Amino acid sequence: MDPNNCSHLNLEVDPFLSCNNTFNQTLNPPKMDNWFHPGIIYVIPAVYGLIIVIGLIGNITLIKIFCTVKSMRNVPNLFISSLALGDLLLLVTCAPVDASKYLADRWLFGRIGCKLIPFIQLTSVGVSVFTLTALSADRYKAIVRPMDIQASHALMKICLKAALIWIVSMLLAIPEAVFSDLHPFHVKDTNQTFISCAPYPHSNELHPKIHSMASFLVFYIIPLSIISVYYYFIARNLIQSAYNLPVEGNIHVKKQIESRKRLAKTVLVFVGLFAFCWLPNHVIYLYRSYHYSEVDTSMLHFITSICARLLAFTNSCVNPFALYLLSKSFRKQFNTQLLCCQPSLLNRSHSTGRSTTCMTSFKSTNPSATFSLINGNICHEGYV
């Protein structure tokens, strides 16, 4: 793809799909700075391909573990498997489309693709951030308000909540599908007309400002603010619990407190990864939306934009590996899946892991949860 094609717009006309244009040229397009090297258009899709492959391996393995290992089917893990499903959907649909813009000078996926791809990606982003919010709420209830937990039909209720998250995410993405279209754009300075998949016409500078700000608030600021409030109360409760615990307290109680801390930290790591990976993409889109009439063809802007896009998609492949590092039981199951074709190693893994299964705080024999008495309250413990 000729980088000059995108130089006419100072923003990715779709915050999740960079501009893919079909030109009707009457004059030579304005050239970007001399820094651009043609090899970049092959390196970037290769990086996309690496992200897709790694993400597929991690998320498919994670979903397979939660579907086939009965002891892993609990409240937090059900949310995490829903999160993995959303990431998987993003990687197999939107990531290849995003990579294709560097290899083609035109939009390859027609009008239907122009409406469907933004819808899928916004749905996936919604599933990710709203599931993280639900996970934070679950940790808040388990740690701060354990008396509110009801053991009966816990998994069924969580399944309904996960389904509701998908429905809400799809409803919020409907405007993206309705208004996204192959819009003709005309550049007065060069007398060029091109077709681009965009969520709004090019005629009004207010459209990108509204679109970028709404996306930033609904899919980033508001959910992360809610999560921050939850974690403030979680941290405060854990600190108070540590102070109130007797010096020679019950060993089981101490283990339960440590389990709660690990679970809260796991969810917090997921939240931190999402915030870190998606913030640059939102910031760049806001910058472009509020500098709509200007054109930035600098190397810094180009590299920053590419890195922001790659970082956003990287978020869809890192969660399984973060869970691998944080959870002993998931690490064991992940190794079991990878070593399934090596019986001797698999048997050795089972024999060494069986003695520690009952001690790890990330695995439960109860499909929904376990309950214990801590500081006079019934405490709900989920596992990852």
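From the backbone N, Cα and C atoms, a Cβ is placed for every residue, glycine too.
When Asn20, Asn191 are compared in Swiss-Prot, the N-linked glycosylation site annotation sits on Asn20. Within the set Cys19, Cys67, Cys159, Cys197, the cysteine that Swiss-Prot bonds to Cys114 via a disulfide is Cys197.
For the annotation N-linked glycosylation site, the record in Swiss-Prot points to Asn24 among the listed residues Asn24, Asn347. Taking the topological domains listed in Swiss-Prot, Arg145 lies across the membrane from Ser289. Over the topological domain 'Cytoplasmic' (138-153), the average per-residue pLDDT in this prediction is 73. Cβ contacts within 10 Å of Cys114 (disulfide bond), excluding its own Cβ and spanning all protein chains shown: 25. In the topological domain 'Extracellular' (98-115), helix, strand and coil residues by DSSP number 9 helix, 0 strand, 9 coil.
Broken down by DSSP into helix, strand and coil, the topological domain 'Cytoplasmic' (64-77) contains 11 helix, 0 strand, 3 coil. Within 10 Å of the C-beta of Cys197 (disulfide bond) there are 26 other C-beta atoms, taking all protein chains into account.
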